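Chemist: Below is one structure. I have some questions about it.
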Amino acid sequence: MLKNIDIEITKDLIAEHGINDEEYAKILELIGREPTYTELGIFSAMWNEHCSYKSSKIWLKTLPTKGDRVIHGPGENAGVVDIGDGQAVAFKMESHNHPSYIEPYQGAATGVGGILRDVFTMGARPIAAMNALRFGAPEHEKTRHLVSGVVEGIGGYGNSFGVPTVGGEVEFDPRYNGNILVNAFAAGLLDTDKIFLCAAKGVGLPIVYLGAKTGRDGVGGATMASAEFGDDIDEKRPTVQVGDPFTEKCLLEACLELMATGAVIAIQDMGAAGLTCSAVEMGAQGNLGVELNLNDVPTREENMTPYEMMLSESQERMLMVLDPEKEDIAKAVFEKWELDFAIVGKTTDDLRFRCIYDGMEVANLPIKDLGDEAPEYDRPRSEYPAPPALGDIPADIDPAASLMTLIGNANGASRRWVWEQYDTLIQGNSVQIPGGDAGVVRVEGADGKKALAFSVDVTPRYCEANPREGGKQAVAECWRNLSAVGALPLASTDNLNFGNPEKPEIMEQFAQSILGIGDACRALDFPIVSGNVSLYNETNGIGILPTPAIGGVGLMADWSKMMTQSFKNEGDVILLIGKNGTHLGQSAFLRDCLGRIEGDAPKVDLDEEAKNGAFVRGLIDAELLTASHDLSDGGLAVALAEMSIAGNLGATINVSTDLQTLFGEDQARYCITANSANIDSILARASEQNVTIVQLGTVGGDRLMFGDALSLKVTDMRVAHESWFPDYMTAEAAQ
Amino acid sequence: MKSAVILFPGLNRDRDMLAALEKITGHKPHAIWHGDAELPKVDLVVVPGGFSYGDYLRAGAIAARSPALAEVKKHADAGGLTLGVCNGFQILTEAGLLPGALMRNRDLKFLCKTIHLKAENTTSAFTNQYAEAPVFPCPIAHHDGNYQVDPDGLKELQDNDRIAFRYCDADGNTSQAANPNGSIDNIAGILNKRGNVLGMMPHPENLIEKAHGGIQGRFIFESLVKAVA
């Protein structure tokens with residue numbers, strides 16, 4: 001019989017662990033006695049929102065996760081998708097929101113470290129990273145400090161580890177003042193016949209701990225990520241982990257070397273809730289019990305208790321089940337990379353999760369129930385309020401000034417200041433770096449032509465106005481960005497950032513967004529193969545904008561056909577694929593030029609998306625285009641300005657210059673350019689495929705001109721576009 | 001040309017360098033783990049880029065004091081061609097094979113972008129293929145690339161044609177505006193006195209094929225092939 005040798009289990013202690021009365025009653029029923037302090041910690045780690053998905057699971061189950069190319073969907077460390085030639089791509093996106101607000105450098109750095117570990121745990125060498133960042137208003141007192149720390153942290157970890165960062169998003173909005181979002185994406189390359197999973201196999205086999213030593217950092221981190229912030233936020237600093245990219249790089253190389261020897265039977269990284277979560281998952285997934293001897297866990301601090309060891313979130317650690325016959329080979333690899341390793345336990349046949357410390361059992365729990373019996377809630381939802389109606393737009397708007405605002409303000413300006421701090425070129429395979437529609441990375445080991453494209457997208461203001469359409473739009477925009485470079489979209493990962501799910505309107509927002517994501521993923525054959533949920537992004541009762549970020553992966557047969565958005569040649573013809581702009585509700589124009597947040601989100605016609613995307617990819621594959629760019633924030637005018645700035649060439653555009661045409665954010669649209677000799681062929685294809693297409697004008701000169709209504713010098717647009725970020729950040733030094 | 005690449009834990013452009021050497025020279029380079037102190041007999045030894053030992057003490061400081069570097073030093077002292085790129089350059093300065101030091105970038109930030117380089121010496125074993133087009137775009141990716149040396153040391157470099165590459169603009173002007181990291185006299189790469197050791201911050205190994213947007217990085221390796229022929 002287990003007894004509490006250290007601490008009495010009181011009502012307050014249970015509440016501090018984020019376990020409610022109902023959940024505690026379930027614990028008593030499952031184990032038939034009072035839990036020990038260590039066991040209480042284990043339950044809190046396994047049953048908090050972050051690890052158990054207790055509020056979200058019921059909705060996540062509605063997402064499409066299967067497809068012809070999907071090898072592993074959600075449930076593994078990362079999703080795995082077949083890319084032909086015996087190769088596969090493993091990828092996932094994960095949030096590190098709460099820690100990054102408290103300690104931006106380390107929070108963001110360890111977010112990158114965690115997602116890279118998820119990918120190489122599968123046996124994949126990481127080949128690309130992205131990140132989706134959301135900060136508060138630029139004028140908010142903390143914003144500069146957070147931007148600077150987060151960007152430096154992402155770079156500090158990813159650059160040292162050696163993965164190219166090829167894409168991402170940065171957005172500012174006052175709704176993130178108290179809760180920034182740091183979502184990190186990573187993708188890795190592996191062979192389809194060498195995928196490593198976490199399910200343990202075989203009884204009595206050694207469980208090996210590998211990597212950095214265990215410290216007290218991050219104890220209770222996953223529990224923190226499952227609660228709102230209050231005014232005591234700064235007191236939570238000790239729950240943020242500290243990253244060590246050097247150890248992680250060694251861990252990567254050691255793991256890949258070890259996997260190649262055939263010594264690894266099962267492997268699981270220690271992420272949220274550290275040793276607890278990884279050991280339980282290994283056992284439960286393999287239908288085995290696990291016994292850990294905590295005295296053998298390498299620790300970096302003295303007198304660590306079993307409770308602290310089980311809940312530590314120290315970084316750069318792995319758990320493996322090894323083939324005992326290959327223990328010497330394994331040992332040689334660990335020693336070469338000077339990594340700590342220790343046999344900390346064994347697999348058993350009794351389906352119990354046992355922890356022994358100083359010869360005494362400090363935990364003895366039913367291993368399957370820890371995951372399977374975790375609470376699951378169908379939280380109440382309330383009707384979602386309609387957004388305020390779109391009011392009249394004044395007649396005296398100057399379109400040129402509006403366009404300059406849109407390309408030169410906090411949300412429209414170039415992100416060069418950010419991505420130049422990331423190593424975008426390492427590994428020598430980056431064929432399109434940030435700044436374009438999607439990042440593109442060449443795939444090694446095939447014919448030298450194959451490449452993968454990556455994009456991460458969401459428009460939070462659409463999701464708030466209309467969660468269902470906003471969910472669809474996030475998927476559609478990501479899918480469109482991949483299509484715009486010429487890649488066939490294969491599959492996606494979601495990072496669902498929302499407020500407090502215990503509020504019925506937030507729960508409804510969450511549910512509707514997921515339904516919208518599901519609609520779009522089904523219609524566009526773009527299954528969700530991995531993901532992460534971050535709830536309770538609220539401070540003092542104010543929630544973030546709903547932000548379900550979608551990270552997508554696309555495949556190109558031949559990267560030399562890849563498109564970029566820059567205008568290339570004088571005389572090229574510019575065409576718009578899709579309908580003329582009409583929709584100003586929730587547009588960037590309305591928000592940034594008029595300071596108004598009104599109207600419904602644009603409707604997403606998924607059939608139109610599928611049709612237009614296939615059309616663009618066909619044109620690119622037939623080598624009929626010279627540039628391609630998707631239309632999103634700021635509509636047609638912003639897209640043309642970006643193409644112009646990127647190519648350092650102007651254009652003459654012959655369309656009506658009403659605000660809807662210029663700045664409307666209707667979906668399923670692309671802007672392309674082509675040599676005039678190819679126009680007949682492009683129009684014929686469009687007519688065959690029933691695609692709406694219109695000629696807009698011609699590339700040339702040093703001004704972007706829409707008739708008489710709007711004429712801007714490319715150099716002036718570039719200055720506006722490139723200045724905002726560096727000016728904003730250097731104002732910090734001046735303060 | 002036979003070559004060897006020295007591997008320290010934490011380096012991460014080793015695979016880029018190994019691939020470049022193999023593609024250009026046609027021979028698979030030796031990949032030498034730092035713990036295996038014996039260096040094979042080769043024409044060229046390369047210390048590639050990355051973050052050896054995490055750069056935790058000071059960029060390159062720990063690797064510079066390893067037994068493997070003593071072997072590299074022996075090779076260089078005997079006149080063997082030796083190339084250090086990025087962290088490799090930092091390691092070679094820390095080891096005393098090249099003068100000066102690499103400090104934090106002027107803006108105190110990691111910087112990855114394509115800048116322009118001018119080959120100032122187009123006769124060395126490393127740069128003899130740059131005479132026709134000495135100005136070219138080249139990627140950099142570093143946090144500590146701000147090269148500094150004392151006034152006598154600088155004069156020594158200038159007077160003896162030991163500045164291999166300088167940062168410049170697209171027209172070849174070595175202006176301050178074209179200097180990405182604050183390095184003295186826009187120095188991007190230097191040679192040792194004997195001309196058999198080159199250290200440089202930019203990454204020629206990431207500029208060798210169409211996919212990289214340019215092939216001017218090849219000329220360093222092709223210069224070496226010519227020099228040993």
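Our numbering is plain: 1 for the first residue shown, then up by one each step along the chain.
Glycine too: its Cβ is placed from the backbone N, Cα and C atoms.
When I checked TrEMBL for this same protein, it listed these features:
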- A:H50: active site (ACT_SITE)
- A:H96: active site, proton acceptor (ACT_SITE)
- A:S95, A:H96, A:N97, A:H98, A:R117, A:Q241, A:E313, A:S314, A:Q315, A:S534: substrate binding site (BINDING)
- A:16-54: domain 'Phosphoribosylformylglycinamidine synthase linker' (DOMAIN)
- A:75-189: domain 'PurM-like N-terminal' (DOMAIN)
- A:203-356: domain 'PurM-like C-terminal' (DOMAIN)
- A:435-556: domain 'PurM-like N-terminal' (DOMAIN)
- A:570-702: domain 'PurM-like C-terminal' (DOMAIN)
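So where do these features actually land, and what's packed around them?
Modeler: In the three-state DSSP assignment, the secondary structure recorded for A:H50 (active site) is helix.
DSSP gives A:H96 (active site, proton acceptor) a coil state; it is part of no helix or strand.
A:H96 (active site, proton acceptor) counts 32 other C-beta atoms within 10 Å of its own C-beta, drawing on all protein chains shown.
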Chemist: With the domain 'PurM-like N-terminal' (A:75-189) as the reference, find which of A:203-356, A:435-556, A:570-702 contributes the most Cβ pairs under 8 Å.
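Modeler: Against the domain 'PurM-like N-terminal' (A:75-189), the leading stretch is A:435-556.
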Chemist: Of A:S95, A:N97, A:Q315, the binding-site residues given in the record, which has the fewest other CB atoms within 10 A of its CB?
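Modeler: Each of the binding-site residues A:S95, A:N97, A:Q315 was scored; lowest Cβ tally within 10 Å is A:N97.
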Chemist: Can you see whether DSSP assigns A:R117 (substrate binding site) to helix, strand or coil?
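Modeler: Looking at the DSSP assignment, A:R117 (substrate binding site) belongs to a helix.
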Chemist: What is the Cβ neighbour count of A:R117 (substrate binding site) at a 10 Å cut-off, with all protein chains included?
Modeler: 28
Chemist: Express in Å, rounded to the nearest integer, the largest CA to CA distance found among the substrate-binding residues A:S95, A:H96, A:N97, A:H98, A:R117, A:Q241, A:E313, A:S314, A:Q315, A:S534 named in the record.
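Modeler: Answer in Å: the longest Cα-Cα distance is 20.
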Chemist: Looking only at DSSP and grouping its letters into three states, which state does A:Q315 (substrate binding site) belong to?
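Modeler: Going by the DSSP assignment, A:Q315 (substrate binding site) belongs to neither helix nor strand, so it counts as coil.
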Chemist: Report, in whole Å, the straight Cα-to-Cα distance of A:H96 (active site, proton acceptor) from A:H50 (active site).
Modeler: 11
Chemist: When the domain 'PurM-like N-terminal' (A:75-189) is classified with DSSP, how many of its residues are helical, how many are strand and how many are coil?
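Modeler: Looking at the domain 'PurM-like N-terminal' (A:75-189) with DSSP, the answer is 46 helix, 44 strand, 25 coil.
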